[in-house]
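Notes follow once the structure below has been shown.
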Amino acid sequence: MSEVVSAIVDVVTETAPDVRAGLTGRREYETSENPSGEQMLAADRHADELLEDRLLAIDGVASYASEEREGIVEDEESDGGLHVACDPLDGSSNLKSNNVMGTILAVYDEPLPAPGRALVAAGYVLYGPITTLVLARDDAVTEYVIDDTDEGVERRVVEEDVTIPSDPVVYGFGGRVPDWHADFEAFVREIEDELKLRYGGAMIGDVSQVMEYGGIFAYPSLESAENGKLRLQFEGNPIGYIVESAGGRSSDGERSLLDVEPDRLHQRVPVHVGNTELIERLEGALD
Ligand SMILES: O=P(O)(O)OC[C@H]1O[C@](O)(COP(=O)(O)O)[C@@H](O)[C@@H]1O
Ligand SMILES: [Mg+2]
Ligand SMILES: [Mg+2]
């Protein structure tokens, strides 16, 4: 199994420069919506198609699912194997303003929808000033730089055993303030006094700030949307797995995101991740 995970990580690494190169010229919205009812960019579809083709070609990958397609694509020839879920472009609305975006990878050893406890690896590619990959596997998190060189795509370790710094510095919370529940808003007012605001509109960019500096990111339950905005299979579970592997905590408000029972592929979940002490405080502050 670990060889299949390695093959999946290699494919995501090799695909990252193609996703990045494909962003130029794909900034326009398409007429169709994704299964969550959101407008898709041509760039979302392009990244999704690249990943689907290449990941399903791996021996030992039984199925592919993504935020951008209704159903699960199964490999007819496979008899068992791993199940890959992707958010091909997280934060794709940042493409218009040329801000950070990412690709999120989740590798499950159960058919989807699956709980986060069924993850065997998760990671994200960050298309920032440089392209990086943060990968959680076997309880450890590694950060790599991905370089597209004349000799091919190279993945270089920049930090082994990534852990969230214990002294938190930053916070970022999604959703409009009038849409927050009163208990969450009261918690935010305390946090504002202690930490610096960092919110960029791409979860993966905002979580990367928390991984680097320590702190808390949330896209909480809203008055208008009880489960917030982010999706459990493609966003909540992999981010929870990565942050917990880096020594932090994740929560839906009551329990680890990894303990949330899934009921459907595109279900949403309130997401709170960061330093353990901050997430425990948040859970205590929510009614
Ligand atoms: O525009 P808002 O409400 O701040 O939402 C931002 C959130 O939506 C997302 O962009 C949703 O992800 P997608 O771009 O993959 O749909 C998150 O990355 C981000 O945290
Ligand atoms: Mg996303
Ligand atoms: Mg997306």
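Here the Cβ of each residue, glycine as well, is placed from N, Cα and C on the backbone.
Note that TrEMBL annotation is computational and uncurated.
Per TrEMBL, Mg(2+) 1 is bound by ASP87, LEU89; the candidate from GLU67, GLU68, GLU110 named for the same site is GLU67. The candidate list GLU212, GLU223, GLU226, GLU235 contains one residue that TrEMBL assigns to the Mg(2+) 2 site with ASP87, ASP90, namely GLU235.
Listed in sequence order, VAL19, LEU41, ALA43, ASP44, ALA47, LEU95, MET101, GLY102, THR103 are the same-chain residues six or more apart from LEU89 (Mg(2+) 1 binding site) with CB atoms under 8 A from its CB. Between SER92 (substrate binding site) and GLU67 (Mg(2+) 1 binding site), the C-alpha separation comes to 12 Å. On the backbone, the CA of TYR199 (substrate binding site) and the CA of ASP87 (Mg(2+) 1 binding site) stand 19 Å apart. Residue pair GLY91 (substrate binding site) / GLU235 (Mg(2+) 2 binding site) shows a Cα separation of 11 Å. Filtering ASP87, ASP90, SER92, SER93, TYR199, GLU235 by Cβ distance to ligand 2 (under 6 A) retains the following binding-site residues: ASP87, ASP90, GLU235. Of SER93, LYS229, GLU235, all annotated as binding-site residues, the residue with the shortest Cα distance to ASP87 (Mg(2+) 1 binding site) is GLU235.
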